Amino acid sequence: MPLVMPAQRKPYTVEEVIKHNTPSSLWVIMNRKVYDVTAFHKKHPGGPGVLLQMGGKDATAAAAAAHKSILPANLMWEFCIGYIVRTKPQEEGQADNKPPVQKKAPSPAKEPSPRSHVEKAKSEVKSVTSSAPLDGLSDVTDADSPLAKARAKNKRRSPPSFLADVERMLTRPVMPTKCQDMNLQHQKQKPTSNAQAQAERGAEEGSSPEAAAAESPDMKPERSFTTIMEEMESDIMPMSDVDAVTAPEPPPSGGLLCFFSSTACWSGRPSVVQQVAHDDKAVADGFG
Ligand code: HEM
């Protein structure tokens, strides 16, 4: 029975493994690893036949389907003699008349590394911030803008994907009408112009907020990311300050009472928080 320690495992091509398909030399491939089951196949609890049938082939799917317990997986390492490569490192060296280069493991470039998700998120943020600014958000790309400063400030505790999501949410016009769904007595923000009221009615009748905003020139995102982030931070009021029956007094500017888990807060920009507030609607209603 071969017992090859991980460091001694060798690279094999599929072409090499195919040749080992007889009872006197029986290899199988599972999960890109090569197993020598020559001695084991006669003792295989599932019978020697299945292993003979899979000799020289990739048995990953067949073994996974047949094995119902973790015992086979725990035993398999004893029979592992190597791993699959496309081209043998020795062959590469011989072709160039160079000494063979010993590969340590299968090429890591093929497998996405855990860091690649972080890189993806970073590039996502880059693409959001480097794109042309949208209407009403001209400070989005300015390096000295309050947004850039807020980003620097929030860098540590705000994952890049979260920032990207918030920015995406802010770069589309949102109508305040949805807030009425929340049935909050404390919602003070009302349409301030005829155009806004008209756009609001349009949204209620089924047209999209974006379409309604397009028809109303004065309906556009009026605050920058920074302003909203700062307001959200400064408006957060600890639950201990909140009367359990009556909600806290709204700030002079008015706004929407929101409940983030155990914290009540006022926000002057309902559209930013309405999604979160929706999740906590039941809580909010209880205090309404
Ligand atoms: C080194 C490789 C392998 C080892 C160490 C191994 C080990 C085992 C063990 C320990 C069992 C008993 C299952 C249990 O008690 O839970 C088993 C069952 C079985 N194995 Fe494997 N096996 C290997 C490869 C394969 C391959 C490649 C196939 C598929 C073609 C296969 C098919 C089966 C089948 C059909 C059973 C019977 C399952 C049952 O009766 O429920 N085995 N194997």
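Just so you know, glycine gets a Cβ as well, placed from its N, Cα and C.
The annotation compositional bias 'Basic and acidic residues' is assigned in TrEMBL to 112-125.
Among the features that TrEMBL reports, compositional bias 'Polar residues' is placed at 182-194.
The annotation compositional bias 'Low complexity' is assigned in TrEMBL to 195-216.
Marked as domain 'Cytochrome b5 heme-binding' by TrEMBL: 9-85.
The region 'Disordered' annotation in TrEMBL covers 91-169 (among others).
Summarising the annotation, TrEMBL assigns region 'Disordered' to 182-223 (among others).
When pLDDT values are averaged over the domain 'Cytochrome b5 heme-binding' (9-85), the model yields 95. Remark: secondary structure over the domain 'Cytochrome b5 heme-binding' (9-85) totals 30 helix, 21 strand, 26 coil, with classes taken from DSSP.
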